[in-house]
Amino acid sequence: MKNSGILCIISAPSGTGKSTLIHTVIQCDCFVYQTKLSISYTTRIKRPGEIHGKDYYFISKKKFKYMIDKNMFFEYAMIFNHYYGTAKTDIETMLNTGIHIVLNIDWKGAQQIRSKISKNIYTIFILPPSKKELARRLYLRGEDTEKVIVARMGQAMDEISHFKEYDYIIINDNFNIALMHLQSIMLSEQLRIAHQKIRYATLINHLLLPDI
């Protein structure tokens, strides 16, 4: 029997440090399953240091709308006048090959996916330690105007109101501690008996053989 993949959805308000945590955690060699980040498509402009095909697939609105019309997205949403979406083929291929997939999406995308998948899926919401710290991080990024930051703070409150829809919560006050908590959750999910009894079926059957 083949082990199917696991889907991990991680959401957080902008400025919480979610992307840094995700890119760091998937490099961990502690996992028992191959763990990969699903690369989302977006119509927004690349930020400094971002790489096409690593952080996002940066595409035009025309191409994104074409993909919507062709029903190519597993989920998609409009955030601050930019589209973000996850391609169906990307998720289906990785799940069918037994990969532990990490999705960096908002609560709207999480709702869409949970309405379609009920097995082998779990969700994590990352919170800032305070409103003041969240605002400070947004200002330190130096990417947005005062008006946009005010809008992002308002959006953050709306996003945080959906925390009860998630299975786990992590507070990103200290990065290393938050990273440890994220690793622990992901590893625990991989070690569930539903997955391990398939992964180690041969070993378990051998251990249960009567001595001759």
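Even glycines carry a Cβ here, placed using N, Cα and C.
Not measured: the values here are computed from a predicted model.
Annotated features, as they stand in Swiss-Prot:
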| type | residues | note |
| --- | --- | --- |
| DOMAIN | 5-187 | domain 'Guanylate kinase-like' |
| BINDING | Ala12, Pro13, Ser14, Gly15, Thr16, Gly17, Lys18, Ser19 | ATP binding site |
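Known features from Swiss-Prot, placed on the structure.
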residue : record           : contacts (Cβ under 8 Å, 6+ apart)
Ala12   : ATP binding site : Lys18, Phe125, Ile126, Leu127, Glu159, Asn172
Pro13   : ATP binding site : Leu127, Pro128, Leu134, Arg152, Gln155, Ala156, Glu159, Ile160
Ser14   : ATP binding site : Leu138, Arg152, Gln155, Ala156
Gly15   : ATP binding site : Pro128, Leu134, Ala135, Arg137, Leu138, Arg141, Arg152, Ala156
Thr16   : ATP binding site : Ile126, Leu127, Pro128, Leu134, Arg137, Asn172
Gly17   : ATP binding site : Ile126, Pro128, Arg137, Asn172, Phe175, Ala178
Ser19   : ATP binding site : Asp55, Asn104
Other C-beta atoms that fall within 10 angstroms of the C-beta of Lys18 (ATP binding site):
21
Using an 8 Å cut-off from the Cβ centroid of Ala12, Pro13, Ser14, Gly15, Thr16, Gly17, Lys18, Ser19, can you name the remaining same-chain residues around the ATP site, in sequence order?
Ile126, Pro128, Arg137, Asn172
Can you see whether DSSP assigns Ser14 (ATP binding site) to helix, strand or coil?
coil
